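J.: In case it helps, TrEMBL gives these features for our protein:
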BINDING   Gly419, Gln420, Thr421, Gly422, Ser423, Gly424, Lys425, Thr426  ATP binding site
COILED    77-238  coiled coil
DOMAIN    338-659  domain 'Kinesin motor'
TRANSMEM  20-38  transmembrane segment
Amino acid sequence: MGVGVAWANQVRVEAVKTVFFYVSIVALVCVGYGRCLVGRTRPESEKRLCYKYVWCIITVHSVSCWESQARPRQKRLAELEQQVLEKASRVETLSRQLEESKRHAGEMQGQLEESKCQQGEVEQQLSVRLRDCEEELARQAARPHQVKFVTEIVEVESSESQQAVAEAQAKSAALQEQLSLQRQLLRELETQLHDSQRTSTQLRAQILVYEGEMERAQGQLEAEMQNLEEEKNRVIEEAFIRAESEMKAVHDNLAGVRMNLLTLQPALRTLTCDYNCLKRQVQDFPFMLEKAITEAKQEICQVIGEVSSANQELLRKYKREMNLRKKCHNELVRMKGNIRVFCRVRPVCRGEHDSAENMVSFDPDDDALLYLSNKVKLMTFELDKVFHPQATQEEVFQEVQSLVTSCIDGFNVCIFAYGQTGSGKTYTMEGVAKDPGINQRALRLLFSEVTEKAPDWDFKITVSMVEIYNETLRNLLGDNQGEKLDIKMNPDGSGHLYVPGLTEFTVQSPEDINRVFELGHMNRATACTNLNEHSSRSHALLIITVAGVNSSTGHRTQGKLNLVDLAGSERIAKSGAEGSRLREAQCINKSLSALGDVINALRSRHSHVPFRNSRLTYLLSDSLSGDSKTLMMVQVSPLVSNMSESVCSLKFAQRVRTIELGNATRRQWENSSTSSSSAQALRQTFPRSLSQIWGIRFHSVPLPLMIQVGKPTV
Ligand SMILES: Nc1ncnc2c1ncn2[C@@H]1O[C@H](COP(=O)(O)OP(=O)(O)OP(=O)(O)O)[C@@H](O)[C@H]1O
C-alpha cells in the first residue's frame, strides 16, 4: 500500500517537472521570438539557429525524461520479483515443516502400535499365568484329602511335607508378587497408552491447524502472486505504451533535428564565409592600425605644435600681464603711498589704576581718526588705520598681510613697531605664546603661500634675527652671542650690503618656524640680566628673505621682509637717565632720528639719503629704498601718565604719513609758496563725504609742510 503511494507521488513529481520544463521552454521560445522581433535587423540564419537550438534541447530532454521514468519502473519490477522470491521461499519452508510434522505423527503412531502390541502380549502372558495360577489353586483346593493324607503323612513324614508346603507357599507368594508387578506394569502401560493417544490426538489437531494455515497461506500467496503478475503486466504495458509514444516523439524530434541540421548547413556556410572575411580583416588590421597611428601621430604633432605656439603666446601674454600687474600694483601702492601708518592703542593692563577712559577716544564712523584729550585741549590725529584696545592680533594681522605677501612678488617690506616703552610694541610684533603677533603669523603665512605655489614655483625662505643695542649688531640665531657683527658692502659688486657671520636659517616646515623663534628668544634672554629692560633699549629685527624661481619661465624673484620691534621712544628729559642708561637713550634717539631722516629723504626724493647715520637704517637701506614698502605701527599707551609720550609718538607718525602723500607731485610744489594754498583749495573742492566714497584722503597738515619736516623729534 505504502509502496503504491510512493510510486504515485514520484509519478506526480515527474509530471510536475516535465510540465515546468515545457513551460520554461515555451517561455524561452517566447523570449527568443520577442528578441527576434525587436532585433529585426538580426540575420535570419541566427534566428534559425536559435530555433534549432531550442529543438535540440527539447529532444535531449525528452530522451532523458523517458529514461528517468523507465528507471523507477525497472526498480519497482525488481522489488516485486524479490517479493515473489521471498514468498516462494516461505511456502517451501512451510511445506518442509508440514512434511516434518507428518513424519513425526507417523513415527508416533508406529510407537503407539508397538506399545499396543507389547501390551497385548504382556496381557496375554499375564492372563495365561493368572489362569495357570487359578488352575493350580483350584487343583490344590480340589485335593483336600490328599492334604489331610498329606497331613497325616506329614504327621508321618512331617519334615518333608512341611518343606513342600513352605515351598508351595513361597512359590505362591512369588507368583502373587509377580502378578501384582504384572498388574502395575499393565497399569503403567495403560497410562502410557492414554498419553500416547492424547499426544496423537494433539498432533493430529496440530497437523490439521498447519494444513489449514498452509492452505490459507498458499491461497494468499497465489492471490498476491496473481495481483503482482497483473500489476507487473499493467506497468509493463503502460511503460511500453509510454515508451512507444516517447520513442515516436523522439523519432519526430530526430527528424526535426535532421531537418534543422540540413538547414543549419547554409548558415554554417554563411558563418564560415563571415569568419574568412573577418580573418582577412584581422590580417589587414595591423596595416590599417599602423596607418591610423601614423595619421594620428601626425595630427597629434600638429596639435602639439599648435598648442605649444598657443602656449608661447599665452606665456608671452602672461609675462606681459604679470609686468602690467606689477606695474599696477606699484602704481596702486604709489597712489596709496609706500609708507602707511597704523596706530594701535593697547588696553589698560591689570594693576594699572591710571584710568584712560577720557584720554583716548575713537571716531565711531572713521577708523582712521584718534582723539587725545588732556585737561585743556582735544587733539585729532588722522592715520591710515587706528586699532582700538579690543582689536585682536588676528585683526591687526589681517591689515598687514597684503604687505607681507607682496614680498613673495619680490618687494622689500619693512614693518616697524614704534612707541614708548610699555606701549605694546613687543606684544604686536612677537605676541604671546597663545596669541602670536605679526612675526610668527607673517612667517607662517609666507610658508603656506609658497607651499601653495610649489608646483609652479620653487621658493626658499631664509630667516635671520638680529638685535641692535647701543649701535652694536648681534646675531640672535648664532652660537656666539658675544660676537659683534659688521655691515659691509658685498664684494660681488652688486652694490648690496651684507652682514658677515649672520646666521641664515632656512625654513622648510612649520616646526622650523617655532624653532627659529625659540632659539632667537633664548639667545636674547641669555645675553642680558633683565630681558624686559634689555628689550626696551634694543631694536629687534626679524629678517625674512623669500627667493623664488618659476619652474616654467625661469623667472626669479627675491623679496625681503623686515619686521622691526624698535626700542622705546621715551624722552631722556622725562626719564632722567644717567650713565649707561643715558648712553642707551642717546643711541636709541640717534637711531630713531636717523630712521625719520631716511624716511623723510626718501619721500622727498633727496639725492642723498642718510642711511649710514645709524646701524638700523644702514642695515635696512635696501629695504627702505626703491619700490619698497613701509608700515609704521605706532603703539600708544592709554595711560594719562603717558600722555606726553603718546602725543609725541602720534605727531611723529602723522609727520611720517604726510610725507608719503607728497609723492611725484611734491617735487613741483617744493619751495613753492603757492603750493600750500593750492592743496588747501583742492582739499576744499572735495567734500569729505565724497573723498570717503572714492577712497581719496586729505590730511589736516598742509602738503608743503610735509617737505619742510626735518628730523623727527622723539
Ligand atoms: N593689545 C594688547 N592687548 C593686551 N595686552 C597688551 C597689548 N599690548 C600690550 N599689552 C601688554 O602691555 C604690556 C607691555 O607691552 P610690551 O612689552 O609689548 O610693550 P613694549 O612697547 O614692547 O615695551 P618695551 O619697549 O619695554 O619692550 C605687556 O604686559 C603686554 O602684554
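Including glycine, each Cβ sits where the backbone N, Cα and C put it.
Unlike curated records, TrEMBL annotations are generated automatically.
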J.: Can you check what DSSP calls Lys425 (ATP binding site), collapsed to helix, strand or coil?
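T.: Note: Lys425 (ATP binding site) is helical by DSSP.
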J.: Fewest other Cβ atoms within 10 Å: which of the binding-site residues Gly419, Gly422, Gly424 wins that one? Let me know.
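T.: Ranked by other Cβ atoms within 10 Å, the binding-site residues Gly419, Gly422, Gly424 bottom out at Gly422.
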J.: Within a 10 Å radius around the Cβ, which one of these binding-site residues has the most neighbouring Cβ atoms: Gln420, Thr421, Ser423, Thr426?
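T.: Answer by Cβ density within 10 Å: Ser423.
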J.: Using all protein chains in view, find how many other C-beta atoms are within 10 Å of the C-beta of Lys425 (ATP binding site).
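T.: Looking across every protein chain shown, the total is 29.
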J.: Using the Cβ centroid of Gly419, Gln420, Thr421, Gly422, Ser423, Gly424, Lys425, Thr426 as the reference point for the ATP site, which residues of the same chain not in that list have Cβ within 8 Å?
T.: Arg346, Ala417, Ser536, Gly568, Gln635, Ser637
